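Visitor: Annotations per TrEMBL:
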- B:65-253: domain 'ABC transmembrane type-1' (DOMAIN)
- B:12-34: transmembrane segment (TRANSMEM)
- B:69-91: transmembrane segment (TRANSMEM)
- B:103-127: transmembrane segment (TRANSMEM)
- B:133-152: transmembrane segment (TRANSMEM)
- B:183-202: transmembrane segment (TRANSMEM)
- B:235-257: transmembrane segment (TRANSMEM)
Amino acid sequence: MKEKPWKPWLLLSPSLTAVFLLLVIPVCFVVVYSFWLRAPSGMDIPAFQFGNYAKFFADSFYPVILLNTIRVALETVFICLIMGYIPAYFFYRTESRLKPYLMILVMLPFWISFIIRTLSWINILGDSGLINHLLLKSGLISSPIPMLYNEGAVIMGLIQYLLPFMILNIYVSLDGIDKSLTEAAKSLGCTEWQAFREITLPLSLPGVSAGCLLVFVLTCGTYLPPMILGGPGNEMIANLIFKRIIGTLDWPFGSAISTILLLLLVLIVYTYNRYMGINQIFKSLSKG
Amino acid sequence: MKKLISGWTLIKLYTILVYVWMFAPIVAVVILAFNPQQFGTFPMEGFSFKWFVKLSQNSTILDAFKNSLVLGSLTAIFATAIGVPAAMAFIRYEFRGKDFLNTMLIAPIMIPEVVLGVALLLFIRWLQQPKSFAMLLIGHVVLTLPYVLLIVQARLVGIKREYEEAALSLGASPFQTFKEITFPLLAPAIFAGMLFAFTISFDDVTATLFWATAQNQTVPVKIFSMLRTSISPEINALGAVMIVLTVSIPLAAGYVARRFARGNTP
């Protein structure tokens, strides 16, 4: 078909305008603002100085929160991987007629409100939640075990939010593997486990790494689970940004923290894209 | 051979356990919503609808529901209105910089919502505009656009353009072709995009906390402020309503869309 060359640009222009004007420029603003000064009166003064960054790294208070965020993110990635790989493998291998329904069930949490999924853990882990209730009733313990408002609870909430992403990413990768490869390996004398280790596992690594990246990035920016399920020591970087901007109205400092978070993620995503290609993630997301 | 079977059984069991883990908290919310006790906790002592009744009399929550519905619907309309043409451009045309632009439009998924929240708020502040419903709507459109693009593109790939070409070569006008061929084929993709945008907007908390004013609070933001005190049975009841709503709507819509698509696909 002969096409007018300007036609795709016409179709693209509303989206490009919206994203450029309402996302790219505002994010640049955050970076610019991070160099500004905050006068004692609360006024923001245009400047170019690194005081806000110096303040962030001046003592251990802020860097500890940054490191906490990264640690929680790595723990979440690890647990999601352990919890997610086997169900993804199950979907790949199963010949059950229930498979489409089981897949829908995995995606169902995407449709359930994030805040409700987060707070639902209070009913399970709380002092009078399900676990403590059962343990008390069975006489195994005499007083409730505190399980809420600590890092474990935050990670529980995070996994429940992120596990479907991990399962889907791994499944999409597994699903692309030709099953005859394992058959061939087995006919050549491999055991089931050897065939998995030598063929299926390596071929599924693109999905594994895509899932890990997505879970890591989404955890680093998380705000709700530490707020709802965490204690005072479980603050993450997003909570800090919210506090500085909405709480103390310290725009330049809040912008500096946002820039630090953004830089960290850009660095990670950029490195990933260099070696793995970012499109793997988008491919899996569009199945959601 | 016997060992293999037991391995597969273990995989099945593991998968079942993951399902239980994933859904136990959600089921607990729904069950506890019917607990008549003052505190929304175990054990269950009886069964009652009283928290649902109380919920339906809470005017601030009803207002929040209304806000969420209006905001979600408008977000869905605007996000698909700009997202579907962009998806068309990416799927149907070849042009320079296509891959780069596609990545750029979808990459915001990876930007933390907190940063997006700060960015738009800062920009509006610099423009010396107050927080408003329009700003909240704009924010939600930007937030949902990448997802709309992903979903619509995935659906569009499956629609062959030969149908349009056939109609044109058989003498249909471009408008007729669009009305009779393109639009019906496209409708499920548009519908899927709208549904997705609506759900994400309806669900969003973090960015909305930055952008919402006291007048245009959404349901999740309202739940968030209710949680400040403690988890009450009323929150569980609200949670149960939200779960049933947000799960049944896409399931029903998916069913309708499939029938709709089947009726129209040549």
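Glycine too: its Cβ is placed from the backbone N, Cα and C atoms.
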Visitor: Okay, the transmembrane segment (B:69-91) and the transmembrane segment (B:133-152): do they have at least three CB pairs under 8 Å, pairs separated by 6 or more?
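Guide: Between the transmembrane segment (B:69-91) and the transmembrane segment (B:133-152), which are separate recorded stretches, there is contact, as judged by 3 or more close Cβ pairs.
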Visitor: Quick check for me: are there 3+ Cβ pairs below 8 Å between the transmembrane segment (B:12-34) and the transmembrane segment (B:183-202), leaving out pairs under 6 residues apart?
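Guide: These two stretches do not touch.
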Visitor: Using a Cβ cut-off of under 8 Å, list the residues of the same chain at least 6 residues beyond the transmembrane segment (B:235-257) that approach it.
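Guide: Residues packing against the transmembrane segment (B:235-257) from afar: 26, 29-30, 32-33, 35, 40, 51-52, 54-55, 61, 188, 191-192, 195, 199, 202-203, 219, 223, 226-227.
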Visitor: In terms of Cβ proximity under 8 Å, which residues at least six beyond the ends of the transmembrane segment (B:69-91) contact it?
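Guide: Result: 98, 101-102, 105, 133, 136-137, 140-141, 144-145, 148-149, 152-153, 156-157, 186, 189-190, 193-195, 197-202, 216, 218.
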Visitor: For the transmembrane segment (B:183-202), give me same-chain residues lying six or more residues beyond its boundaries with a C-beta closer than 8 angstroms to one of its C-beta atoms, as numbers and ranges.
Guide: 68-69, 71-73, 75-77, 79-80, 83-84, 87, 140, 143-144, 147-148, 151-152, 155-156, 159, 163, 218-220, 246, 249-250, 253, 257, 260-261, 264-265
